[in-house]
Amino acid sequence: MNGTLTIEERFTGCLLGGAVGDALGAPVEFLSRRQILDRFGAKGISEYAPSYGGLGWITDDTQMTLFTAEGLLRSWVRSTIRGITHYPSIICHAYMRWLLTQGEKPAPEMRQLMADSIEQSSGWLFQQRALHDRRAPGNTCLSALRSVKGLGDIAKNDSKGCGGVMRVAPIGLFGHRAGHHQEVFELGCDAAAITHGHPTGQLPAGVLALMINLMAAGQTIRQALEVAKECLEARDDRDDTHRAIELAEKLAATDTPHHAAIAQLGQGWVAEEALAISIYCALVAKDFRHGVMLAVNHDGDSDSTGAITGNLLGVLHGAKAIPDEWLEPLELREVITELAKDLASFQRWDIGEYGGTDNDRVWEKYPGY
């Protein structure tokens, strides 16, 4: 069945799946597993509970994922119409727009640039008012972006928090036709490096981006993981990430109870743990619902592990695998779907340096800066 999925079905499944996992995990992000079971029963949380004032409302994880997708598309538009681009810089610019949606001010060196770019053309995503709401944004992401003095700067911190890996699934989707595994891996790392300076805050993002890339092309989770591990092997600073992935694979092959296996992998607050928990949940999942429920009902960063697991299972099974009762109330569902469709179709846009029928329309939606 999975082999018959269209690219659009996989892409919408990936982004909607991540948002669903994020929204399901949001109400229990700061609860222990025991507290979750006490509140929601023996199976844990299995349907949306109130969070941030609504049901099915997303967090900063999905917000930043959407701005990653937008940054990629705007960089493509710039490259195609202007003839030059630098993906990490344009992605960084997208994250700076997200920073503005959080009511934060950029560094003095960036304020005029941001004000001018918003006044000239903010783009379609920034105009979605529902994104202009704080949903427990990570301190590392906020502080790193407030400190940016030039687009594409690498974060000057030693953080390996999960805020880098949680947002990079669109990089895998964007590069699904590229065929250059190392380039997808490196761009995932580069995007995470904008806010997370520790290598282990970056490498899991490269692994996830490449896994999504390969699974969008029809590979299984295990096949995609093997290729991603080959790219990881080339890095001298791979040990933390490699050990976490190896443990996830080992536990998935045993009959260890799921809650105990996830506890061995950690709580997901740091990048390698969030990736390992998500890989484990995706490997042992009976279906989308089962995998995402495993990913959110544990001690730790439930919305981030829910989001990453949702990305993996969504690209594997497509949007139709997502339960209707999770999908229909999802905040910004239409916006997420539209972004996914644009990621699936952007190479067919009629735009170019010397004119194209779609130049004005596309530039207005995704200005090339």
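The backbone N, Cα and C atoms fix where each Cβ goes, and this holds for glycine too.
Over in TrEMBL, the protein carries these features:
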type: BINDING; residues: THR59, ASP60, ASP61, ASP301, ASP303; note: Mg(2+) 1 binding site
type: BINDING; residues: SER304; note: Mg(2+) 2 binding site
> In angstrom units, rounded to an integer, how far apart are the Cα atoms of THR59 (Mg(2+) 1 binding site) and SER304 (Mg(2+) 2 binding site)?
Replying inline: 9
> So how many other Cβ atoms are close to ASP60 (Mg(2+) 1 binding site), meaning within 10 Å of its Cβ?
Replying inline: 25
> Which are the residues of the chain, THR59, ASP60, ASP61, ASP301, ASP303 excluded, whose CB is within 8 A of where the CB atoms of the Mg(2+) 1 site average out, their centroid?
Replying inline: ASP22, GLY25, ALA26, GLU29, THR62, ARG135, ALA136, GLY138, MET166, SER304, ALA307
> Given the binding-site residues THR59, SER304, which one is most crowded in terms of C-beta atoms within 10 angstroms?
Replying inline: SER304
>> Quiz question: given the binding-site residues ASP61, ASP301, ASP303, which has the greatest number of C-beta atoms lying within 10 angstroms of its own C-beta?
In response: ASP61
